[in-house]
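As written in TrEMBL, here are the features:
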- 7-25: transmembrane segment (TRANSMEM)
- 31-48: transmembrane segment (TRANSMEM)
- 73-94: transmembrane segment (TRANSMEM)
- 114-132: transmembrane segment (TRANSMEM)
- 117-216: domain 'CAAX prenyl protease 2/Lysostaphin resistance protein A-like' (DOMAIN)
- 153-172: transmembrane segment (TRANSMEM)
- 178-196: transmembrane segment (TRANSMEM)
- 208-225: transmembrane segment (TRANSMEM)
Amino acid sequence: MDRYEIPILFLGPTVMIAAGLQGMHSIPLTFALFYGWLLLVPLGSFILRRRTADLAKPRIQTDRKQQWQKTDILLGIGSGAAFFGAIVAAAAWFHPLFLDIPRLKGLLQEWHFSGEHTIWLVLVLLVLNPLLEETYWRGYVLRKLTDGRVSPAMAVFLTSLFYSLYHVLSIVPIFERPWNIALVLPVFAAGLFWGWMRLRHASLTGSVLSHSFADAGIMGIYFLYLS
């Protein structure tokens, strides 16, 4: 691994979020930058590796039996349903503490998360976001680290840490203090769990499913209180 490659992979998504959200104040532009990075960086690396015939077998095992695949899917659905329920229940009980709804509606309008195109932005968050985030962090970057002789546990920790880093840029403006900082911790914990699933089952299917349900819970808050 190039000495600069991993820091760039760690920080690239955060830079994209900062440029789009804090710099341009636009969620559509943020999506273009952020998801463009998550898609094009692994894709470009794959194409380059094919051209150089550098397709060595990853250290993460991929020869699990069908039973492991079934377990992965069931765990993904079960954990995702639990995340969904916890998010919606927490919002129902505690939203007066951490949501200033009039201020937040104004902020979302400033970020262009409003109007007739909102449904498409929501679909991006529900479908594209879990797929690309899991592929990038629990697939591409995690494999980079383990192939580079980083221990699996440390690889999961690091990917979860930098996965949660860019969530600070959206969570802090959206939620009220002091809850906004504390709410980054569940994101980090979810990253650890999804990383563990990836290592345990050698598959991204379960983590993508679980992540999708969690994102659906977040969108549930939007439709319940902000739409």
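Don't overthink the numbers, they just go from 1 along the chain as shown.
Cβ coordinates are placed from backbone N, Cα and C, and glycine is handled just like the others.
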Give residue numbers and ranges for long-range contacts of the transmembrane segment (31-48): same chain, 6 or more residues beyond its ends, CB-CB under 8 A. 9, 12-13, 16-17, 19-20, 54, 121, 124, 128-129, 132-133, 135-136, 139-140, 166
Same-chain residues near the transmembrane segment (73-94), Cβ under 8 Å, at least 6 residues beyond its ends: 190, 193, 197, 201, 205-214, 216-218, 220-221, 224-225
The transmembrane segment (178-196) and the transmembrane segment (7-25): do they have three or more Cβ pairs under 8 Å, with pairs 6 or more apart in sequence? no
Just give the helix, strand and coil counts over the domain 'CAAX prenyl protease 2/Lysostaphin resistance protein A-like' (117-216), going by DSSP. 86 helix, 0 strand, 14 coil
